[in-house]
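Here is the structure we will look at, set down as structure tokens.
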Ligand SMILES: Nc1ncnc2c1ncn2[C@@H]1O[C@H](COP(=O)(O)OP(=O)(O)O)[C@@H](O)[C@H]1O
Ligand SMILES: O=C(O)C1=C[C@@H](OP(=O)(O)O)[C@@H](O)[C@H](O)C1
Ligand SMILES: [Mg+2]
């Protein structure tokens with residue numbers, strides 16, 4: 001599989017709680033790829049948590065750093081990259097993402113909410129109605145996530161390992177399309 005991919009990076013996109021970080025890590029191991037999480041790169045470089053960056057620089061400040069990090073990351077090969085859920089919002093980010101293969105982890109809101117109900121590390125969910133917030137973010141972002149090369153629908157029973165295998169099995173179909181087009 002990794003020879004079929006020829007070093008092309010995989011970018012995981014999707015909502016907060018979709019499992020991009022968890023699945024991305026496993027996927028990289030399976031493919032013999034390196035693994036990067038844009039949120040981790042941002043937090044390590046700033047020596048601050050994502051919550052602190054949002055509090056100090058606002059969402060706009062965070063988005064600028066996120067774009068800067070993505071621009072750097074896409075000059076490397078053989079990487080599986082877990083992105084932050086909002087990476088799809090800026091048009092310029094798509095020019096970076098399209099250097100690789102973009103995989104959307106599509107997970108229903110009730111599952112996202114169950115996973116993140118007790119989580120305090122997502123500043124956008126520190127809201128009176130986190131489930132409603134997830135619903136409105138997903139509605140707003142669905143047309144953007146839909147631009148991925150590959151959409152992987154996930155149900156509540158699937159383990160991260162099963163999802164990683166599902167992605168690996170689906171990759172040849174998109175590579176074939178790319179070769180034909
Ligand atoms: N397939 C899965 N089944 C059950 N829990 C999962 C699954 N994938 C991720 N999780 C859990 O959901 C939470 C969010 O996962 P994470 O990988 O951080 O998502 P993301 O990076 O997309 O925000 C974590 O607690 C993680 O352990
Ligand atoms: O959806 C979003 O706008 C965000 C998702 C987070 O990453 P995860 O998708 O890994 O949770 C993180 O980048 C930040 O809190 C904003
Ligand atoms: Mg993540």
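Glycine too: its Cβ is placed from the backbone N, Cα and C atoms.
Whatever TrEMBL says is automated annotation, not expert-curated.
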| request: Given that TrEMBL annotates 63, 85, 141 as binding substrate, state which candidate in 39, 119 belongs to that site as well. | output: 39
| task | According to TrEMBL, 17, 18, 19, 20, 21, 22 bind ATP; identify which of 91, 122, 135 is listed for that same site. | result | 122
| message | Out of the binding-site residues I have (18, 122, 141), which ones have their Cβ sitting under 6 Å from ligand 1? | response | 18
| task | Would you mind pulling the longest C-alpha to C-alpha span across 17, 18, 19, 20, 21, 22, 122, which the record has binding ATP, in angstrom? | result | 16
| said: For the C-alpha pair, I'd like the distance in angstrom between residue 122 (ATP binding site) and residue 85 (substrate binding site), rounded off. | reply: 10
